[in-house]
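Notes to accompany the following structure.
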Amino acid sequence: MGIRSGIPTIVSVGSHHAYGPPQSFITDNNALALVLVMTLPMIRYLYLETQNKWIRYGLLGIFTLAVFAIIGTTSRGGFLGLVAVGTALVWKSRQRVTIFFLVIVFGAALAVFVPQKWVDRMETIENYEEDASAMGRINAWTFGYRLARENPLTGGGFRPYLDSDLYMRLVPDALRPRSLHSIYFEVLADHGFVGLGIFLALLFATWKAFAKVRRLTRENPELGWANNLASMGQASLVGYMAAGAFQNLAYFDHIYTVIALSAILLVYIQKQTTEEPVSREFHDNDEKKRFTRRPSIAGRRAKSSSLSS
């Protein structure tokens with residue numbers, strides 16, 4: 001999707017409006033932007049683990065096209081996620097100065113590339129009062145919060161905004177009911193404060209799992225691949241949490257793939273880092289047994305006969 005949407009965005013000088021495949025869960029431009037934001041760190045991981053220069057060039061091209069595809073979605077959440085992921089990649093890079101310089105150059109090129117209407121849309125993130133779409137999002141967040149206050153333990157169930165009477169009762173100033181457009185307010189409205197706490201705890205546990213993998217593999221060059229994967233997993237999580245602030249995708253598949261990856265990777269690395277000392281201990285015990293074997297039966301009989309005489 002990065003290639004499919006990135007090339008038209010470049011050719012049209014930013015005028016192309018990117019959408020996902022029809023009748024898919026990423027058809028919406030915001031959903032497509034979120035998927036691409038979360039995929040960027042994984043492309044970076046493949047780049048770090050690949051030695052073939054031609055494959056590296058290809059991955060670099062895919063990465064660049066994916067960035068332009070995110071720009072082509074004109075998604076404000078996607079833009080925030082792109083900034084967050086870019087910051088995370090710079091912070092986690094071993095060549096921070098070089099990567100930071102490249103990000104500045106690339107950002108300057110994008111500033112020249114994007115059309116004015118794209119800039120105007122991104123400015124509504126700050127000046128939300130001037131944009132009807134942004135104000136509708138604020139009303140939706142207000143609905144989610146007020147609904148959670150009425151039902152703090154259970155929330156209103158899945159998609160409570162479809163109940164137009166309930167929506168207009170809680171937000172009488174709204175023009176019409178709208179979806180929540182935020183992973184945090186979506187979970188808050190659906191499941192209340194308890195559900196939101198569980199959701200945030202799950203994201204925090206994912207971050208901690210990746211952090212523990214990094215700590216366990218930091219001094220082991222043979223497990224460097226796992227260290228890189230954990231770092232990029234954290235960057236992908238950062239992208240989801242930033243872009244998701246403006247997206248209605250609390251339950252979409254990709255984030256739970258990242259969560260599962262953190263758990264599986266941690267279990268595997270813990271097994272790898274604990275098996276080696278244990279096996280060495282068993283080896284040492286075998287060596288001790290080899291040199292401290294009990295005397296044979298004939299030897300014990302000879303020893304006992306000499307003592308009796």
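Placed from the backbone N, Cα and C atoms, the Cβ positions cover glycine too.
All annotation found in TrEMBL is predicted automatically rather than curated by experts.
What TrEMBL records for this protein:
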{"type": "TRANSMEM", "residues": "31-48", "note": "transmembrane segment"}
{"type": "TRANSMEM", "residues": "54-85", "note": "transmembrane segment"}
{"type": "DOMAIN", "residues": "63-200", "note": "domain 'O-antigen ligase-related'"}
{"type": "TRANSMEM", "residues": "97-114", "note": "transmembrane segment"}
{"type": "TRANSMEM", "residues": "192-211", "note": "transmembrane segment"}
{"type": "TRANSMEM", "residues": "249-269", "note": "transmembrane segment"}
{"type": "COMPBIAS", "residues": "278-289", "note": "compositional bias 'Basic and acidic residues'"}
{"type": "REGION", "residues": "278-309", "note": "region 'Disordered'"}
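With Cβ pairs under 8 Å as the measure, the transmembrane segment (192-211) is packed most heavily against 249-269, out of 31-48, 54-85, 249-269.
For the transmembrane segment (249-269), the residues of the chain that approach it from at least six positions outside its boundaries are 25, 30-31, 34-35, 38, 183-184, 186-187, 190, 199, 202-203, 205-206, 209-210, 212-213, 216-217, 223, 226, 229-230, 233, 236-237, 240, judged by C-beta separation under 8 angstroms. Computed over the domain 'O-antigen ligase-related' (63-200), the whole-number mean pLDDT of the model equals 79.
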